[in-house]
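A.B. asks: Here it is, the structure in full.
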Amino acid sequence: MSPYALSMLMSSLAVGTIVTLSSHHWFLAWMGLEINTLAIIPLMTKMHHPRATESATKYFLTQATASALILFSTTINAWMTGEWTIMNMTNPTPTVILTLALAIKLGIAPFHLWLPDVLQGLNMLTCLILSTWQKLAPMALMMLTSHQLNTNLLIAMALMSTIIGGWGGLNQTQMRKIMAYSSIAHLGWMILVISFAPSLALLNLLIYLVLTSSMFLMLMTLNSTNTNKLSISWLKTPTLAASMMITLMALGGLPPTSGFLPKWLILQEMTKQHLGTLSALMAMSALLSLFFYIRLSYTISMTSPPNISNSSLTWRKKKNLTYLIPILIIMSATMMPITPTLLLLN
């Protein structure tokens with residue numbers, strides 16, 4: 001792809017998200033979402049492969065459906081209230097339609113089926129953008145309207161997302177599908193607490209962005225797309241393979257990594273809301289995700305590839321490691337000490 005075309009598309013992605021984040025009018029927010037969708041589709045199809053075309057088609061159809069539902073719900077709301085402002089969603093019917101539309105946009109269960117298939121047909125850089133940057137605008141709209149959304153519907157979708165996100169990743173060998181199910185499970189934790197404490201949902205989103213970005217950047221550096229390639233990563237870059245284990249433990253939510261911080265605070269908030277049974281179910285569903293993260297860590301550190309070469313060491317070519325990877329790895333492992341500060345702010 002031409003650098004000029006690539007820069008224009010990346011600028012359009014940034015503009016679309018910023019327009020949605022800074023808008024007070026529903027039509028302007030919808031326009032930002034559309035710019036976002038149309039800007040990423042050429043990035044999906046730049047590989048000129050049938051799988052990439054299939055992924056772009058699936059993504060376009062699901063996002064177009066969600067955008068139509070958003071426009072439909074906001075039009076009904078404007079017809080009932082006489083206002084187009086984002087903060088004024090008082091009627092239950094458009095609010096439920098909006099919640100379902102944003103769930104389709106984000107890939108929250110039971111509207112998650114498009115996400116693993118779409119990610120599997122793309123390259124790692126586009127997967128990174130789709131898993132991180134593309135979540136910002138719909139999640140911002142959900143946070144802005146969180147005090148008016150149906151709490152029972154959000155809790156049901158959150159529990160379903162964490163269970164399906166953990167269960168779906170158990171039998172996967174492709175790293176992109178594993179990261180897709182990881183995204184579904186993390187989104188479940190975010191929308192669980194969004195009605196009670198939007199600040200905790202924002203904290204969870206920020207830590208999810210850090211962990212997912214570091215994971216995808218390491219997979220891009222090691223050129224690992226499945227577990228077999230991951231098993232020889234310690235031969236290529238031992239330091240990065242060890243760092244990937246820390247990031248995987250953080251994604252699973254093990255203490256003392258950064259991934260434990262939002263889960264701890266969310267379960268504490270749910271207990272304060274007298275939702276003890278729900279907290280127990282969410283904690284148990286997190287064990288499903290933790291299992292396949294531990295399995296990946298075992299694959300990196302304790303297995304050898306099935307076709308062992310005659311040489312004792314493989315060729316280690318110099319890779320241009322960006323300074324972003326070490327920063328993200330450090331953030332993945334060392335954000336637990338700021339917990340008292342966050343508790344005071346909350």
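Each residue, glycine too, has its Cβ placed from N, Cα and C.
Relevant sequence annotations retrieved from TrEMBL are reproduced here:
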- 23-288: domain 'NADH:quinone oxidoreductase/Mrp antiporter transmembrane' (DOMAIN)
- 290-342: domain 'NADH dehydrogenase subunit 2 C-terminal' (DOMAIN)
- 26-44: transmembrane segment (TRANSMEM)
- 56-76: transmembrane segment (TRANSMEM)
- 96-115: transmembrane segment (TRANSMEM)
- 153-171: transmembrane segment (TRANSMEM)
- 234-254: transmembrane segment (TRANSMEM)
- 274-294: transmembrane segment (TRANSMEM)
- 321-345: transmembrane segment (TRANSMEM)
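Give me the lay of the land around each of these features.
C.D. replies: Same-chain residues lying 6+ beyond the ends of the transmembrane segment (96-115) with a Cβ under 8 Å from its Cβ atoms: 33, 58-59, 62-63, 65-67, 69-70, 72-74, 76, 89, 135, 138-139, 141-142, 145, 149-150, 153-154, 157-158, 160-161, 163-165, 180, 183-184, 187-188, 191.
Listed by sequence, the residues of this chain that lie at least six past the ends of the transmembrane segment (274-294) yet keep a Cβ under 8 A from its Cβ atoms are 155, 158-159, 162-163, 165-167, 169-170, 172, 178, 181-182, 185, 188-189, 192, 248-249, 251-254, 263, 266-267.
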A.B. asks: Would you kindly list the residues that approach the transmembrane segment (26-44) from elsewhere in its chain, counting only those six or more residues past its ends and only Cβ-Cβ distances under 8 Å?
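C.D. replies: Counting only partners 6 or more residues beyond its ends, the transmembrane segment (26-44) has Cβ contacts under 8 Å with 1, 5-6, 9-10, 12-13, 15-20, 52, 55-56, 59-60, 63-64, 67, 70-71, 74, 77-78, 84-86, 105, 121-122, 126, 129-130, 134, 137-138, 141.
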A.B. asks: Mean pLDDT for the domain 'NADH dehydrogenase subunit 2 C-terminal' (290-342), rounded to an integer?
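C.D. replies: Value for the domain 'NADH dehydrogenase subunit 2 C-terminal' (290-342), mean pLDDT as a whole number: 73.
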